[in-house]
Amino acid sequence: MKRIYLVGFMGCGKSAIGKRLHTLTGIPFFDMDHEISEQMQMTIPEIFDQYGELYFRQLETEFLEKFPEEYCIVATGGGVAVKEENIQLMRESGIVFFLNASFRDIWRRISTDVNRPIVQQSSRQELEALYKKRKPKYLHSAHFTVETTGKSLTDIAEYIIFQIERYQ
Ligand SMILES: Nc1ncnc2c1ncn2[C@@H]1O[C@H](COP(=O)(O)OP(=O)(O)O)[C@@H](O)[C@H]1O
Ligand SMILES: O=C(O)C1=C[C@@H](OP(=O)(O)O)[C@@H](O)[C@H](O)C1
Ligand SMILES: [Mg+2]
């Protein structure tokens, strides 16, 4: 059985849907941001502050290379599916789901969040430009694109389970 990766922009629901998938299926669930925070004993903003974004990106790739659990659900961070090396690592070891959400929904969810350093550093226009720049990468990384607009977390998780059962 392969891993199940959730990719997409900040606020598209990777962490929340990963948890819901775990509740519905019992498959072990890991959030990359949480795992990296635990490993470093620091929050994500602290890692960005003290070591810089490039170092955080290395930690993300190391996670994909070294994490031992084979059959699990992985909520990636929004920058993971941007790097070609990461895309290869994910596609070799699992099924990749891109959670597509509108920038409008995303902005509503993340604009006031202090735990996402990139949101803290960016204006709305800058963040929308990043969203547009990253979207082709997410599409390229994914085996499946999931349209999330107007859907509940459970609706989305059930759709993903349906696709996994067909695919495995
Ligand atoms: N389809 C959805 N319906 C309702 N709330 C959602 C949906 N997707 C995400 N959310 C909420 O938006 C917020 C950000 O989601 P999160 O899972 O942290 O995103 P990500 O991990 O992709 O950055 C959370 O409070 C989450 O519960
Ligand atoms: O898009 C990004 O570059 C990031 C997304 C975050 O994860 P979420 O997508 O879960 O917010 C987290 O990894 C970090 O703040 C950087
Ligand atoms: Mg998340």
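Heads up, the Cβ atoms here are built off N, Cα and C, so glycines get one too.
Annotated ATP binding site per TrEMBL: GLY11, CYS12, GLY13, LYS14, SER15, ALA16, ARG116, in sequence order. Positions annotated as Mg(2+) binding site by TrEMBL: SER15. Annotated substrate binding site per TrEMBL: ASP33, ARG57, GLY78, ARG134, in sequence order.
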Problem set entry | Maximum Cα-Cα separation in Å among residues ASP33, ARG57, GLY78, ARG134, which the record lists as binding substrate | 19
Seminar exercise, completed: CA-CA within 10 A of CYS12 (ATP binding site), subset of binding-site residues ASP33, ARG57, GLY78, ARG134 in residue order, equals GLY78
For this session: Determine the binding-site residues, out of CYS12, ALA16, ASP33, ARG57, GLY78, ARG134, lying near ligand 2 in the sense that the CB is under 6 Å from one of its atoms, and give them in sequence order.
Result: ASP33, GLY78
Exercise. Within the set GLY11, GLY13, ALA16, GLY78, ARG134, which binding-site residues show a CB-to-ligand 3 distance under 6 A?
Worked result: none
Seminar exercise, completed: Listed in sequence order, the binding-site residues within 10 angstroms (C-alpha to C-alpha) of LYS14 (ATP binding site) out of ASP33, ARG57, GLY78, ARG134 are GLY78
Problem set entry | Among CYS12, SER15, ARG116, ARG134, the binding-site residues whose C-beta sits under 6 Å from ligand 1 | CYS12, SER15
For this session: Could you round the CA separation between ARG116 (ATP binding site) and ARG134 (substrate binding site) to a whole angstrom and send it over?
Result: 17
For this session: Have a look at the binding-site residues ASP33, ARG57, GLY78, ARG134 and say which one has the shortest Cα distance to GLY13 (ATP binding site).
Result: GLY78
For this session: Measuring CB to CB from GLY78 (substrate binding site), give everything in the same chain under 8 Å that is also at least six residues away in sequence.
Result: GLY8, PHE9, MET10, CYS12, LYS14, ILE118, ARG134
For this session: Take the C-alpha atoms of ARG57 (substrate binding site) and SER15 (ATP binding site) and report the distance between them in angstrom, rounded.
Result: 18
